[in-house]
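Peer 1: Have a look at this one.
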Amino acid sequence: MGVEPPPDTAVHDQESDPAAAAAVVPVEKETETETKSDMAKTSTSLPQPTPSWFTPKRLLVIFCVINMINYVDRGAIASNGVNGSPRVCTKTGVCSHGSGIQGDFNLSNFKDGVISSAFMVGLLVASPIFASLAKSINPFRLIGVGLSVWTFAAAGCGISIDFWSITICRMLVGVGEASFISLAAPFIDDNAPVTQRTAWLGIFYMCIPTGIALGYVYGGWVGDGFGWRYAFFGEAILMLPFAILGFVMKPLQMKGFSPTGTKKSLTTPETNVIEIEVITNDKDVPVSKHTSKEPSRFGLFWKDIKALLAEKIFVINVLGYIAYNFVIGAYSYWGPKAGYSIYHMSNADMLFGGITIIGGIVGTLSGGFILDYMNATIPNAFKLLSTATFFGAIFCFSAFCFKSLYAFIVLFLIGEILVFATQGPVNFVCLHTVKPSLRPLSMAMSTVSIHVFGDVPSSPLVGVLQDNIKNWRTSALILTSILFLASGIWFIGIFVQSVDRYNEDSEHQDGTTEGTNTTPLLEEKTIERDVGSSEA
């Protein structure tokens, strides 16, 4: 009768007419479908860095060589051929020229010790900086920058003219090394086979004792044959190709960081990135952008530090590592002198170098493989850390109790193998107890902590102890007993609740996947081929 039906009549008619209902598509659902489709297109059309010619094993080998060159430098500058001996004057006023760095620059023992440890200044200052920059600059490029600084600094040591010039160059060597030590381990952990991650880390850290021992031999051979300056020139030449490689090859991407060249950023609390921008290749699709006041870089860094300190497992692991490194650092510096004094070794340098090489290689590799065999979890890592350190301490302590040199060699070698078995597991815990975006910082802060509170103060403190008691056997026994403290700290970690956060950046709490690059770059080609074949 001229009265319009109520608004819901049309809806009722559509429900009663299936054809009409099928023809009507809700606007909201259509928009949602298109948005999801556009997001899918966006995720596939974003420019992804293509993998380089590296396979994971090649990456491991290259990082191992770089790490070994780093520690060859440590051993070389401590060798007699490079470090040399001071000038000595007789009562009649006749002075010898001395040899090596100490002789040429007429250095006191104190200044000579400053040169040997000056790289620590650059290392400790630059490690957190490189770890923080990894969030905004491709980490592999940072390694290239750091190795370039290392190369020029090593060459600078060879042309130095006095104490201050070589000290500054040694500091810069530490700056260059800082980029590598905080970023290499996360790369290796990303690309290692799942069942062999700790073994691969063990292989990488095996290069530390091996490199130092080779540095003793290299420094003595080159320094005695050609002069100490050529030892540094040789190191620079060896490192130069790897520095260039960091710039010319296609950059690798670490897990937990946004792909290079995209505007998409992680949105986890630890990364503290609050600007989200989705870029698509379709000009008709609007760009959604939400920005807010961005905190300063220092504020982000401090927030990351607080996130690390909030991880009880990380703190316990580093505390045990500090006590462990306190002993190992003093062993490497005072071991030959103590061995010569206690057992009257004529070749203490070579003997301790040989024990270090064998113990380092066998122990480090064994620790990694054993943890993988046990199933690489954080509690299992702490079990291995505590057990190996405890029995290693028993054997090393017993070795210094025997008066027989042969008994000392056997027992101390077994102790060194057990003690070095911790290298893979302790770094596994550092990497897996924090989110991927914090792994470079966790490695950097772990390195800073074990040096600042571990091997840097241990050598002078042991020297003070020896000056007071004047008995190397007693000093060595007191030092070795600190390994029991390290074992006890790691034993506590077994009972503290832990979560492996290796994949945590890639997922929200509700289980939805976040749009970030969490796949190691070396695996991308395989994934792309699989996707292409499935679509076909």
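The backbone N, Cα and C atoms fix where each Cβ goes, glycine too.
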Peer 1: Would you mind telling me which of 60-80, 354-374 TrEMBL tags as transmembrane segment?
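Peer 2: Feature transmembrane segment in TrEMBL: residues 354-374.
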Peer 1: With a Cβ cut-off under 8 Å, give me the same-chain residues at least six positions beyond the ends of the transmembrane segment (167-188) that come close to it.
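Peer 2: Sequence-distant neighbours of the transmembrane segment (167-188): 59-60, 63, 66-67, 70, 73, 77, 114-115, 118-127, 129-131, 134, 139-140, 142-143, 145-154, 156-157, 160, 200-201, 204, 252, 254-255, 427, 430-431, 436, 439-441, 443-444, 447.
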Peer 1: Please work out which recorded stretch in 114-133, 200-218, 406-426 has the most C-beta pairs separated by under 8 angstroms from the transmembrane segment (140-161)?
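Peer 2: Result: 114-133.
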